Amino acid sequence: MATKFPKFSQALAQDPATRRIWYGIATAHDLESHDGMTEENLYQKIFASHFGHLAIIFLWTSGNLFHVAWQGNFQQWVLNPLKVKPIAHAIWDPHFGQSAIKAFTRGGVSYPVNIATSGVYHWWYTVGMRTNEDLYFGALGLLVLSTTLLFAGWLHLQPKFRPGIAWFKNNESRLNHHLSGLFGVSSLAWSGHLIHVAIPESRGQHIRWNNFTSTLPHPEGLTPFFTGNWGLYAENPDTAQHIFGTSEGAGTAILTFLGGFHPQTQSMWLTDIAHHHLAIAVVFIFAGHMYRTNWGIGHSMKEILDAHVPPKGRLGAGHRGLFETITDSLHMQLGLALASLGVATSLVAQHMYALPSYAFMAKDYVTQAALYTHHQYIAGFLMVGAFAHGAIFFVRDYDPEVNKDNVLARMLQHKEAIISHLSWVSLFLGFHTLGLYIHNDVCVAFGTPEKQILFEPVFAQFIQAASGKALYGFDVLLSSSTSAASVASSKIWLPGWMEAINSGKNSLFLTIGPGDFLVHHAIALGLHTTTLILVKGALDARGSKLMPDKKDFGYSFPCDGPGRGGTCDISAWDAFYLAMFWMLNTISWVTFYWHWKHLTVWGGNAAAFNESSTYIMGWLRDYLWLNSSPLINGYNAFGMNAQAVWAWMFLFGHLIWATGFMFLISWRGYWQELIETLVWAHERTPIANLVKWRDKPVALSIVQARLVGLAHFTVGFIFTFAPFVIASTTGKFA
């Protein structure tokens, strides 16, 4: 007899209704709820899955390299990075007519292709790759690594090679290895690659395995390192006239602190980047030897945390209990990891355009826009996930005795103050920002645009001036040539930095005005409201005045019946659900702002943003509507063009998004009645009633239907905005 799905839960497998399938899918990854799951087995399964995850990532990157080498135009692109469009892969589609084949045949090849907007060409070029053979070698290497990781994942599930629970909870050893190995040694290896391969390649010197050991990356070799004369490595850097990829204007320095950008590529100096990674390596390798393991020397994490008790008693027991709490809670660990990675991903989005590290990418506007949008959306998902697992921690793992009067307990005790302050900030930001926008709309609508309320963002301008931007005339710190900050760094990195920050050729500290001030506060509203919902969801996850026993109902529950009718929508899951909508809206405001600002800056018409961004109709008309032209006209009665695929995606993105509302607005009873009516009709329809099913059809629960609605809303949201960003930018600058 075949075992019914799901195998991990006998109770669900024996459920006679279709909820068996839906609850099975819903709890497939809730490993700790599975039958017979022990703590040790849980850790082992998660550990093994990490290898599978890494294998998938490396297989995917191997596929990128392979398809570009096979179907792309990397070697042609290398010869002219500013003019040749980089190809991701070829397209074969039976729907393509002659006009489509013609429209999608570009990039100097004779077959239809997709253009790459991920920046991989710029990355591979910058790190020293030049030929398709290089790409094939990379693809093969990653394929081998992927296979090795898959084997390692399988191996660590075998009884002999399963680590024990003590190994997983050995925090100091894990921290040492991750700091030294993961961050330190990998940074050292990367700086080594830059020094030995990428920097010589940028100077026209081809280094591969055949001459790797016989070619010195610096004329003095290791002598300056062993004699302590490290400054030699910074002498004779590339000149401002250096032609990237050639020896013309090239220097010999390998570790510099020039600041600013390479004039031709508009990317950071490779020698600065190598220096950065070497410094990171030293710091992290040192940090990875600080924690106590085998020899009883170094820091004990528990001792450090237990000692963190402020003397005046304002934080009670301080960090006591946190070591045990974090060690024993995977949800707490995951929450902290997701929050850290979320912040890092958002920072990547900000830095990739402001301080581009890849040659010529600053001039590939479509790639710049795609990468910014991509990283900000991912950051949003990671941050919401962090709070979701924080809430699950409070429901499942939080022990009041272990955490008695420590910072966690005091967060729970002060939750009313925390939540009400966040609420006040959100209300203040919302009413004032919207009030200003609407006032300005009224003024423009009634023919008195000069009466708009326009605030100059003086504090932000002051910060820009402190970093060296001279335009505002503040004459402070780095924008003052006589300040201590300027004098201290004037001989090192400051000349390059000052040239960059005051140049109109990059996105470093863009000039800001009233439109930026308003949208900044609109984004602040979104961030604070999302945070309010998530923080409230986590802090109220164990219980509230309305429902003190909430933790007994678990992370997600629809309602606690008619007896306590006010208990709908108050589970921690509901907070996550609501926060997702706010997160998506906030990230869209962030990306709208970034994209519109850059479209006008790149087009040499910054005034268009400055004039139209101070009122809401300006955003709707001059950003969204005006830039949707390539999407609306990708295909029409007269034919199609290369934007047709984005136009089509823009359309079906809207449709998926709209489908979400069907599940979000109609609730369970409607679906149950509909299903029962359909079953009645099916059973009375000749021929159709020959088909029977074992499970009794039952509508999705409220929580599940909301998840289906949210999934459609989210996927549709992204499939609408992604093609908008790519097609509208391509339409202007391709």
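Cβ from N, Cα, C; glycine included.
Distant neighbours of the transmembrane segment (46-69): 31, 87-89, 116, 118, 120-121, 124, 132-133, 135-136, 138-140, 142-143, 145-147, 149-150, 152-154, 156-157, 163, 168, 330; these residues of the same chain sit at least 6 beyond its ends, with a Cβ under 8 Å from one of its Cβ atoms. Annotated transmembrane segment per Swiss-Prot: 46-69 (among others), in sequence order.
Residues or ranges marked as transmembrane segment by Swiss-Prot: 135-158 (among others).
The annotation transmembrane segment is assigned in Swiss-Prot to 175-199 (among others). Taking Cβ pairs closer than 8 Å, the transmembrane segment (175-199) reaches residues 126-128, 207, 212, 217-218, 254-255, 270-271, 273-275, 277-278, 280-291, 293, 301 in its own chain, all 6 or more past its ends.
If you look up Swiss-Prot, you'll see 273-291 (among others) marked as transmembrane segment, on the strength of sequence analysis.
Here the transmembrane segment (330-353) has Cβ contacts under 8 Å with residues 32, 42-43, 46, 362, 368, 371-372, 374-376, 378-383, 385-390, 392-393, 396-397, 507, 594, 598 of the same chain, all six or more residues outside its ends. Taken from Swiss-Prot, the feature transmembrane segment covers 330-353 (among others).
For the transmembrane segment (369-395), same-chain residues at least 6 beyond its ends with a Cβ under 8 Å from one of its own Cβ atoms are 117-119, 329, 331-332, 334-339, 341-343, 345-346, 348-349, 352-353, 412, 530, 534-535, 537-539, 541-542, 551, 554-555, 572-573, 575-576, 579-580, 583-584, 586-587, 590-591, 594-595, 598, 718, 721-722, 725-726, 729. Residues annotated as transmembrane segment in Swiss-Prot, with sequence analysis given as evidence: 369-395 (among others).
The transmembrane segment annotation in Swiss-Prot covers 417-439 (among others). Within its own chain, the transmembrane segment (417-439) is flanked in space by residues 411, 452-453, 455, 518, 521-522, 524-525, 528-529, 531-532, 535-536, 539-540, 614-616, which lie at least six positions past its ends and keep a Cβ under 8 Å from the stretch.
The feature transmembrane segment is assigned by Swiss-Prot to 517-535 (among others).
In the structure as shown, the Cβ atom of Cys559 ([4Fe-4S] cluster binding site) sits within 10 Å of 15 other Cβ atoms. For Cys559, Cys568, the entry in Swiss-Prot reads [4Fe-4S] cluster binding site.
Residues annotated as transmembrane segment in Swiss-Prot, with sequence analysis given as evidence: 575-596 (among others). Long-range neighbours of the transmembrane segment (575-596) within the same chain, counting only residues 6 or more positions beyond its ends whose Cβ lies under 8 Å from a Cβ of the stretch, are 353, 369, 372-373, 376-377, 379-381, 383-384, 387-388, 391, 516, 519, 522-523, 526-527, 529-530, 533-534, 536-538, 540, 609, 613, 619, 623-624, 627, 706-707, 710, 713-714, 717, 721, 725, 728-729.
Under the heading transmembrane segment, Swiss-Prot lists 643-665 (among others), citing sequence analysis as support.
If you look up Swiss-Prot, you'll see His654 marked as chlorophyll a B1 binding site. Using a 10 Å radius centred on the Cβ of His654 (chlorophyll a B1 binding site) and all shown protein chains, the other Cβ atoms total 14.
Residues or ranges marked as chlorophyll a B3 binding site by Swiss-Prot: Met662, Tyr670. Spatially close to Tyr670 (chlorophyll a B3 binding site) yet at least six residues away along the chain is no residue at all, judged by Cβ distances under 8 angstroms. Classification of Tyr670 (chlorophyll a B3 binding site) by DSSP places it within a helix.
For Trp671, the entry in Swiss-Prot reads phylloquinone binding site.
For the transmembrane segment (707-727), the residues of the chain that approach it from at least six positions outside its boundaries are 26, 117, 366, 369-370, 373, 377, 577, 580-581, 584, 588, 591, 595, 627-628, 630-631, 634, 643, 645-647, 649-650, 652-664, 700, judged by C-beta separation under 8 angstroms. Per Swiss-Prot, transmembrane segment is recorded for 707-727 (among others).
Here the candidates are the binding-site residues His654, Met662, Trp671, and by Cα distance the one nearest Cys559 ([4Fe-4S] cluster binding site) turns out to be Trp671. When the Cα of His654 (chlorophyll a B1 binding site) is compared against those of the binding-site residues Cys568, Met662, Trp671, the shortest separation belongs to Met662. Long-range Cβ neighbours of Trp671 (phylloquinone binding site) (same chain, at least 6 residues apart, Cβ-Cβ under 8 Å): Ala699, Leu700, Ala705. For Met662 (chlorophyll a B3 binding site), the same-chain residues that are 6 or more apart in sequence and have a Cβ closer than 8 Å to its Cβ are Gly709. Same-chain residues at least 6 positions away in sequence with a Cβ under 8 Å from that of Cys568 ([4Fe-4S] cluster binding site) are, in sequence order, Pro558, Cys559, Ile702.
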